[in-house]
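What follows is one structure encoded as structure tokens, with my remarks underneath.
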Amino acid sequence: MITKTTRWPSPAKLNLFLYINGQQENGYHELQTLFQFIDLCDHLTITSNQSGQITLAPDIPGVKTEDNLIWKAATLLQQHSQCEFGAHIEIEKILPMGGGIGGGSSNAATVLIALNFLWQLNLSNDTLAALGVKLGADVPIFVHGFAAFAEGIGEKLQPATPKELWYVLIKPEVSIATVDVFTHPDLVRNTPKQPLNALLEATYVNDCEKIVRSVYPEVDYQLSWLLEYAPSRLTGTGACVFAEFNSEKEAQDVYSLIPDNATGFIARGMNTSPLNRTLEEYKSLCKI
């Protein structure tokens, strides 16, 4: 066990496009989507110990410890590996909850990667991803750490290299539950599957966007505002919307115009997760 206190990034993701191709008998939706990381991150400071307990600080308002994906991921890893070690995890929360940028899933993946290293379990990323998918369909993308085209229910990943553009994100003052979007009777569920090359060359679309804009006027308002300046879309099932730019200056210029009552961020697209880089840095330090 490595007892050193370590600090780990937990990055957000964007769905650059999202198409829903059908629905399985178990209720899960078949989809095609393109994931890319952005350099907007929560951070987790983790200290492993021999207590066997998983403790978190600070509490997240409205979220019980046993419902927190950070605690769930650590406990799941303990149980799977029969590890008797524990950890104290401090959370620096930047990513908005209910935003469609993968905050909870990313936190879970960061815990799996970090504790696998700190507890010296030596589990493969495939094993960690298989554990992670029990916590959420997006967790494997954060475990593997590369931008990817995803199919199936999101578990079939193919590495991809979309342009690493600059983005302006706005988080409307609503929190959207994924289940509410995917169970909406008017959701498009029959977009024909297409080869990746065709999807990459087409105009990017999110099949959830029409429903979300109709049900949540605040999302519609913010997305309409962004569309005045650049190509813009919903990410995931929302509520975050984003506009894409070729340069940081273009993004900064539009970001400076965001209304005072809106919560916004500037971020850079990343095809390799910063979590991967941090893990490699800690591995190198341990060899010295």
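Sequential numbering from 1, following the chain as shown.
Backbone N, Cα and C atoms are what each Cβ position is placed from, and that goes for glycine too.
Feature annotations, courtesy of Swiss-Prot:
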| type | residues | note |
| --- | --- | --- |
| ACT_SITE | Lys13 | active site |
| BINDING | Pro96, Met97, Gly98, Gly99, Gly100, Ile101, Gly102, Gly103, Gly104, Ser105, Ser106 | ATP binding site |
| ACT_SITE | Asp138 | active site |
Under a three-state reading of DSSP, tell me whether Ser106 (ATP binding site) is helix, strand or coil.
helix
Looking only at C-alpha atoms, tell me how far Pro96 (ATP binding site) is from Lys13 (active site), rounded to the nearest Å.
12
Around the Cβ of Lys13 (active site), other Cβ atoms within 10 Å, all chains included, total 27
Helix, strand or coil: which one is Lys13 (active site) in, per DSSP?
strand
Given the binding-site residues Pro96, Gly102, Gly104, which one has the fewest other C-beta atoms within 10 angstroms of its C-beta?
Pro96
I need the neighbours of the ATP site defined by Pro96, Met97, Gly98, Gly99, Gly100, Ile101, Gly102, Gly103, Gly104, Ser105, Ser106. Which other residues of that chain put their C-beta within 8 angstroms of the C-beta centroid, in sequence order?
Ala12, Leu95, Gly236, Cys240
C-beta crowding around Ser106 (ATP binding site), within 10 angstroms:
29
